[in-house]
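To keep things clear, I will list the structure first and then write my remarks on it.
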């Protein structure tokens, strides 16, 4: 299935969910209120008609007039009528909080809620369309949309919550002539929690300090590079970066957002450079990359991203809160706007990249742009391949993996392999903030296309001079960063092995126990229940109930004692076999027990899945 078709299906699905979240409860409330009113009107008119007909004091004309009056103004309509002669009738029928008053108000509130939903949905679609115009329009669209959605959705949640509470009484009262206190209490609690989350989450703050693995390059450590960057900035008529950060990631980027580098907070314009890539690129190729990045400063891209970034982070956090709190009245509509905005942002990002490439081609050379794209894509893809191979190994690895040496020594042979061309056909240059276009599209954009047969020669060409040679501390920085990176990589790999091992021997068992040690929970009468990587050790038992004997399980909170029900894969006389375990005294650590059990059972499922793959 193509990406475009998938996107359309996702948009259609989220639009459907948005419509349901906006209109399902109000529509049902409106239908129910009108249905009850119509039935009540029929009963009322039948009763009144009989009373009028049987009244011997009235003339035929008077009887007709009174019956016609009540037909025109039944209880469902009299509350909204201003007819003077019906004042006493209206006062009796429409007394505040009376049944008739409640149904009239329910119909009105649901109708206004649906009307507000229509206006809100149209506003969201218009704001989404507005975001496609330009970067300034994007910013205005998002800020307006963010405030409009949070306030409107909060109001909508309160309105729909009130309808739910009202329905929890009246639906059962009307159809079954009884009501459930438990149902009403559940509805009230559910609505109260939803409203609390919707309002409280608006004011939650988000940390926006971006952690960057790298080190600052001062001007004394790389005077030639600093001067070259200033010269390029002058040619572009834009300000030079205040900070240059060197790292080992396979990309270059610029930002005006706050950065945290080695515990130090950076403000203003920052340029991130990749030391491994600088060693691979000639100075002219690196100049093309640097010019491309500086062009983002000139175009205001980074300033816009810095202003919009924190708001996007807050918006996404709010959506996550609504998802975890299961508040559909807010979540789906906000997701709909976020999807539309993301499409607009991706299109704008694509246009910015093309423009920055054209500027770099004009200032440096089209060939330099194309060659840098090929080299960066080749390095990034090969490094990703090496790291994937290392991570997929089922043996523990030391903290010194030599990833840099693997990549440096294997890149040239890789550039001559069939895998290289297959990968490069769909390659793009990695970037932490934007969605970059495909490499072939970028080559066409600058007017210098290299055929696939020529990729290998470009990647294997050794530059006569690089900007990495101008950085006096480059070797020391790379050594420190690679050591830290490989240690983190090794720890992450070891953690993944704890999920993969069954274990099969003592060494593997020791590793699994390091991450999944037995956890014991005390019960009454000195009894305990243990959660281990192998399964549960139930009270009064010494051997665990193996996770392989757990098809699924249920946990029921109780007043006197909680109950763990383990359903086994094998069948019994009346369906799946099961084991029920009473857990008296676990109430204080109930949530911890649930979390640990779920975590350990998930580990076992991952392990069995990995075994099935191999």
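For all residues, glycine too, the Cβ spot is worked out from N, Cα and C.
Residues or ranges marked as domain 'Peptidase M48' in TrEMBL: 261-447.
Annotation source TrEMBL lists transmembrane segment at 14-33 (among others).
Feature annotation from TrEMBL assigns transmembrane segment to 111-133 (among others). Away from its own ends, the transmembrane segment (111-133) comes close to residues 18-19, 22-23, 26-27, 30, 140-142, 144-145, 148-149, 152, 155-156, 159-160, 163, 333, 336-337, 340-341, 344-345, 347-348 of its chain (Cβ-Cβ under 8 Å, at least six residues beyond either end).
The transmembrane segment feature in TrEMBL is assigned to 145-171 (among others).
Under the heading transmembrane segment, TrEMBL lists 183-203 (among others).
Beyond the ends of the transmembrane segment (183-203), by six or more residues, the same chain brings 150, 153-154, 157-158, 161-162, 164-165, 167-169, 172, 317-318, 321-322, 325-327, 329-330 to within a C-beta distance below 8 angstroms of the stretch. The domain 'Peptidase M48' (261-447) scores a mean pLDDT of 88 in the predicted structure.
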